[in-house]
Amino acid sequence: MADEIAKAQVARPGGDTIFGKIIRKEIPAKIIYEDDQCLAFHDISPQAPTHFLVIPKKYISQISAAEDDDESLLGHLMIVGKKCAADLGLKKGYRMVVNEGSDGGQSVYHVHLHVLGGRQMNWPPG
């Protein structure tokens, strides 16, 4: 977790990201789901027994940079997250998280929805 905080403190919006490379299939990922709008894949540093990301194929650096016309796309990410959670057997529940900016723990500046499950989640999360 400390490693992710350190990454978030130095990460900045702009430029190509690892997620862009995954979308273009330049680097491998354990893909769970793909359609014309988004991609879901397992996190390389899981924070729960099941931890995957859902990302839009359209580049949006962070939620605060989203436009009104991104509303449907952002909602689609949540629906895909729900469907993937069901497909992965997360019947007892799961958590969906979007990190925003350095204080929010955002380490990659390409909007992404974390879906975590497979254990009891703690509250408060941070």
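Glycine residues also receive a Cβ, built from the backbone N, Cα and C atoms like all the rest.
Per Swiss-Prot, the candidate among N99, N122 that belongs to the AMP site alongside D43, I44, G105, Q106, S107, H112, L113, H114 is N99. When Swiss-Prot is compared with the stretches 15-19, 25-29, 55-59, 110-114, the one noted as motif 'Histidine triad motif' is 110-114. DSSP states for the domain 'HIT' (18-126), grouped as helix (H, G, I), strand (E, B) and coil, give 29 helix, 25 strand, 55 coil. Site extent for AMP: among the recorded binding residues D43, I44, N99, G105, Q106, S107, H112, L113, H114, the largest C-alpha separation is 17 Å.
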